[in-house]
């Protein structure tokens, strides 16, 4: 069992590195505009779309990002509300309710893809394709351009602007996400993921004459590809990647996991190239990978232990906790997927997270609460990790007796203000949202289980929403006006209360001159710094959430195993 | 050749402030006012300035109210327990106040000992800027900038100013600790005088250049005192960081109440008490660094004062830690203040003794250190007796900017010494020729990094005197140290490239600027800054002022002109250019102390969680008792131990905050590794031991 996981993880990381490295190189070139074919093509595209291609100050860049997402939000809300009258609706679904549409629109625009609804019984193919899938691309592109803008903040010297937001969005969608999705969609369809515009097929059940089964169909493979590549996670079906039409085999399972980490890993390589020091990219990747392996180890240790409540009923516990798992994937395939999907802010699931052992549930919770920086969402994981790097550099820089600097840029009071603003946003939303929900009657109606587990369900929902993960612990009845609204707000602010300060930080850094490196400079490409960065992530995250976690999964774990 | 007079600067700094500085931390003279100060600082407007401690302050008030309620019968927790927590929280606030008051007291005492020199004296204010304009007696504090005063032998200078007439010897020992009087005269580099010094002979007419209360010392004292102390950029950034952490923990603790209410409803227990929540909050927020932050800044300024440096901006002290390039004047910093004659190189056909004799004659009336050294060398080598110009019946020809030579006319002989080109012109103007061999000797001397002086008698060139710069002992090692710290040293000199290169190589500097003019210096600083580097320099002359104003850390010598002092952001009372290296270390220590205590403070939280969480939820989830790794006796003793540890650690770290984390010149990587080990790992482990010990003590005392 452990050997399975070990080999699978090794294979996974090796393939990831092999694919992310060239993609990172491609993205670095693409976003610097150094391909020979770029200038003419891009100028033409901008002319066609009547967009201005000028260099933008951070404020204009941020305004562009906000405007772009606001329009996306309105369109997606409109599509859902008008669903009944729109084409590609073979099932004849009516309008989605106002609060659910609000929640879903924010959810897909913010790259969260939290789903309060069941896809196959709520959304028409038309809305899935035109609304949800389109936003899967656009929200991922938003993450990428913000990450690129922050990289430019470090790479540029004494610059007024951060680049052009429209051009960057075009590059992200057309130059990165579309080609990758096309390849992946074809591969998945080839491996058995369904792709059809029909409603469903009704088949007679073999061996039981007279009874039939309805098999839902849809443009699944095409949505599946971007769902993973864009770390969106919103499944075509409610069962998400546990559904055999979304994820039929061990091979597709591996492919899907790789797709989740591909762009986040490639961004590290792109960073190294853009700032002209590849070791810097490797450092971030090393910190992410090590944190990931620690989380995986804890998760797997918890999952391979038997649930004492089940063993008491005479269930053989040797295979570990198989409750809520797809046996097609087994313990290793499910564990790796669960840790990957919560490390990255994907939220696609191939197992029931509500059925995880308490400590495994804690790992998934904590990974989200750390701010989705262990690989993290497309773009957002990268800029989140850089925020922690800024914190690490700040404290360490003081300890060597210099004004802290990262990649030659001095970290001063404005930069710290923006960094801390971005890092404060999600704990505020998670803790305040959870607190409101466990006090108000409307919130208390949600959890399916009482006590510590019920608390974990609510905490998981807000951690997932505010950190734009979108996976669910399930168990929580969240499709209510109360949760739809509160979680919708958590998703929106969890996204943009981070993005705006990050762009402000990028603008401030870009405007600075670079300090030359001397032997008195804190090196940020060493093992020591990897350790420091991991420490910053774990300590800030753990200190913020330890009390809440103690009342949830930790109390649950101690109760379950009768530890006193 | 530029024979610039450089004031002799004492290498070892004897000073007036030393005895005070060495006073122990526990000196009663400092402790008593500090205790009073810590009580005075309980005023809300004083607390508001420090956001982290303000939260503790509010927490103390809140628990006091809870105590009142508990006594009135609305017990949130046992009244004795609430009382103990409330008292400990108030003590936490007082300890932080005490640290700040103590640091201020020490720095103020330091400054006061310097200020003692600044007595309030009667000033002879002149009605017009002439000596004979008639005086009226006014108090020195009533003087305004621009007033002109007469200072005569025996008078104390009423304020900082610029000499506009007269020449006098002045005793500046009160400020510099150097007992030899110095000459002050109008014009040039020696025209600035400092208030509090005493005129020993003759008289001066001085224009006052500072408003009373604005003089350097006053500015520094004002910076130390709370009222006008501005936070430095780094201090602001750190405060932002600490405030953000405080908000995070505030959130974690405030939301914990509803969480525990939910948990208690489900498990049938009771929710966490408010007293415990406040205790948890105070333990988690970074009180250690928050309480000591301002003390660290004040102590940094105090350490600077102890080094006899007056800073006029806190920003500059911090910038000193960041310096990448040090511009060091060659003379006085890298080499001993002056060049010394080391060798006579006679022209062909000239006896070495004859050259020595002529050189000595030409130097007899030359009081510059170079001139004296020629006389001494001639006496040592050829036992030539010193003669006086009077007994030779000669006439001394002083150095002038036009001839660039000095010498003596005696009995029809015109003996001169000077730079090769000046002598060549002198010889050729009289129809003589400058021998090739001497030219070659001149070049050879220059190439070796020494300065050639050519001696001539009428038209006959006698030879070359080699004047050599003596590089200070140990300076090479200092520069190697600086290089390890990542600081580049640039030697600035008026010498030609050859000479400069030779000395640069001998002293081990990284770079040099030869034939430096004030403009060249300014350009160099701008170029370094454009490349993102921070530049520190020292200067004394008026012509250094533009460069001083441009540099990030500019240390003016106290012996320098008023213009130089105004342009710089620090004044070195010892006028010791090597002090720059010490200033850099003080700047770094200040930042390091902040960083170290921040790390320590955050690392402490881990143990505090393990102490408080199981205790706080004992009534909700007793199984969380498994987290009680320290096996603390009871929930109440656990919480009390954590709060008490949190308060005591502030007191325990006051000496470190005041002394500063010692800076050792080393690479960033090694420094970080060491400090992470000491303050990171140490911060993680110390509270486990500390809290356990306090718990044992509480149990032994029967308190909990």
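Cβ coordinates come from backbone N, Cα and C, glycine included.
Feature annotations, reproduced from TrEMBL:
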| type | residues | note |
| --- | --- | --- |
| TRANSMEM | B:54-74 | transmembrane segment |
| TRANSMEM | B:80-99 | transmembrane segment |
| DOMAIN | B:131-225 | domain 'P-type ATPase A' |
| TRANSMEM | B:236-260 | transmembrane segment |
| TRANSMEM | B:272-296 | transmembrane segment |
| ACT_SITE | B:329 | active site, 4-aspartylphosphate intermediate |
| BINDING | B:366, B:370, B:399, B:400, B:401, B:402, B:403, B:404, B:405, B:406, B:417 | ATP binding site |
| BINDING | B:540, B:544 | Mg(2+) binding site |
| TRANSMEM | B:596-618 | transmembrane segment |
| TRANSMEM | B:638-658 | transmembrane segment |
| TRANSMEM | B:678-703 | transmembrane segment |
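Between the transmembrane segment (B:638-658) and the transmembrane segment (B:236-260) there are fewer than 3 Cβ pairs closer than 8 Å, counting only pairs 6 or more residues apart in sequence, which means the two stretches are not in contact. Counting in whole angstrom, residue B:403 (ATP binding site) lies 25 from residue B:544 (Mg(2+) binding site) by their C-alpha atoms. The stretches the transmembrane segment (B:54-74) and the transmembrane segment (B:678-703) do not meet in space: the count of Cβ pairs below 8 angstroms, excluding pairs fewer than 6 apart in sequence, stays at fewer than three. The Cβ of residue B:366 (ATP binding site) lies under 8 Å from the Cβ of B:372, B:374, B:399, B:406, each on the same chain and at least six residues away in sequence. Between residue B:417 (ATP binding site) and residue B:329 (active site, 4-aspartylphosphate intermediate), the C-alpha separation comes to 26 Å. Sorting the binding-site residues B:403, B:540 by the number of other Cβ atoms within 10 Å puts B:540 first. Annotation for residue B:405 (ATP binding site): same-chain Cβ neighbours under 8 Å, separated by at least 6 residues, are B:397, B:399, B:416, B:417, B:418, B:419, B:422, B:423, B:426. Least crowded of the recorded positions (B:329, B:417), judged by neighbouring Cβ atoms within 10 Å of its own Cβ: B:329. Averaged over the domain 'P-type ATPase A' (B:131-225), the predicted model has a pLDDT of 77. Around the Cβ of residue B:399 (ATP binding site), 17 further Cβ atoms fall within 10 Å across all displayed protein chains. Classification of residue B:329 (active site, 4-aspartylphosphate intermediate) by DSSP places it within a strand. A separation of roughly 10 Å, to the nearest angstrom, links the Cα atoms of residue B:540 (Mg(2+) binding site) and residue B:329 (active site, 4-aspartylphosphate intermediate).
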